[in-house]
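Participant: One structure, as structure tokens, below. Some questions next.
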Amino acid sequence: MARVYNFSAGPAMLPEAVLERARTEMLDWQGSGMSVMEMSHRGKEFMSIATRAEADLRELMAIPANYKVLFLQGGASSQFAMVPMNLLGAAGRADYVNTGAWSKKAIAEARRYGTVNIAASSEAEKFNTVPAFDAWQLDSGAAYVHYTPNETIGGVEFHWVPDTGTVPLVADMSSTILSRPVDVSRYGIIYAGAQKNIGPAGLTVVIVREDLLAEPLAGTPTMFDYRTHADNESMYNTPPTYGWYLAGLVFEWIKDLGGLEAMGAINQRKAGKLYAAIDGSDFYANPVDPACRSWMNVPFTLANPELDATFLSEAKSEGLVTLKGHRSVGGMRASIYNAMPEEGVDALVAFMAEFERKHG
Ligand code: PMP
């Protein structure tokens, strides 16, 4: 068996230890005589898996007791709608920060339900930075402030948390959740699609402060009302059981590694090595302001784009795959989420140096 280093932005690598454990438990989960996929979501076996996963996530992120953790479907993209539907309320307006492609999608969706004020944007800087907080034009009457702490395509990350006072802060943490410690109490809602740092696609985690669970906009479908899921332990309907189980295995894996402090140190080191390789050469470039470079998604270009295809094919033959940049930006992108081993980053850095030597 030859597993590759997969730099996909998502679905992304899962920890090998998690896949091994899932394989061991595939046909017969802990003496139940069935796989997790075949279990009733209301049976005691799955209930124990679900409860354990939530407890471990709460412990990892130190989630305060006044927050609900929801295990949903529909991806982060459904949250682009669920957030405004549930939070806009009487105010009818919200502040959004535009730092790139994913912010824009959240903004476009929110506009269907209310008034969106763009409190800050880095569009004029080609999304290569995040807007300085002192220039944000926040509306004290906004129902919430939404931002994207890590832009998966642009490779731009906030290394600080905006202080929005009493206005709830909502974060699309899809591509940064669990990559480092986070003070959950600073947020009203944190949401994330699972397929980067949590588990397989099909599961969406939402962490919501209880006082924000209120009457949604008229006409909101039952499944889009946070209260439906909060009141039913995410079991109003059939939840994505296998994804929930695998997420639980990932949470255990992070705990065994030392939790989010340890994870953050590893991620910072991995990213540091890759940016150093890019910055140390005229052959490679990354356009992002060094103060807001992502620890998770590292876009880079070759000085000669005619070599892109050769780069990708030679990398692939070294077991370094899915390095092609997003179709909207071209070049390369190395996504180095939690499950990418440090050896994978080392192998990429070594390959890049060798490629430059051969073709530079
Ligand atoms: N937000 C961000 C920051 C993302 O990276 C992605 C997926 N790449 C999404 C939202 C959309 O997530 P999903 O595919 O789960 O709807």
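Glycine too: its Cβ is placed from the backbone N, Cα and C atoms.
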Participant: Besides A76, S77, T152, D172, Q195, N237, T238, which of W102, W136, W253 does TrEMBL list for that pyridoxal 5'-phosphate site?
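Facilitator: Pyridoxal 5'-phosphate site check in TrEMBL: besides A76, S77, T152, D172, Q195, N237, T238, the record includes W102 out of W102, W136, W253.
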Participant: Do any residues at least six apart in sequence from D172 (pyridoxal 5'-phosphate binding site), in the same chain, have a Cβ closer than 8 Å to its Cβ, and if so which, in order?
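Facilitator: Residues satisfying the criterion: A76, Q79, F80, W102, S103, A106, H146, Y147, T148, P149, Y191, A192.
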Participant: With the Cβ atom as the reference point and anything under 6 Å counting, tell me which of the recorded positions (R42, A76, S77, D172, K196) are near ligand 1.
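Facilitator: Those recorded positions that pass the cut-off, since their Cβ is under 6 Å from ligand 1, are A76, S77, D172.
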Participant: So, three-state DSSP: helix, strand or coil for R42 (L-glutamate binding site)?
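Facilitator: Going by the DSSP assignment, R42 (L-glutamate binding site) belongs to neither helix nor strand, so it counts as coil.
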Participant: Under 8 Å Cβ-Cβ from S77 (pyridoxal 5'-phosphate binding site), six or more apart in the same chain: what's there?
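Facilitator: Expected: K105, E109, G193.
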Participant: What's the CA-CA gap between T238 (pyridoxal 5'-phosphate binding site) and K196 (N6-(pyridoxal phosphate)lysine) in angstrom, rounded?
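Facilitator: So the alpha carbons of T238 (pyridoxal 5'-phosphate binding site) and K196 (N6-(pyridoxal phosphate)lysine) sit roughly 23 Å from each other.
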Participant: With H, G and I counted as helix, E and B as strand and the rest as coil, say where DSSP puts A76 (pyridoxal 5'-phosphate binding site).
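Facilitator: Reduced to three states, the DSSP call for A76 (pyridoxal 5'-phosphate binding site) is helix.
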Participant: On a C-alpha basis, identify the one among T152, K196, N237 that is nearest to R42 (L-glutamate binding site); the candidates are the recorded positions.
Facilitator: N237
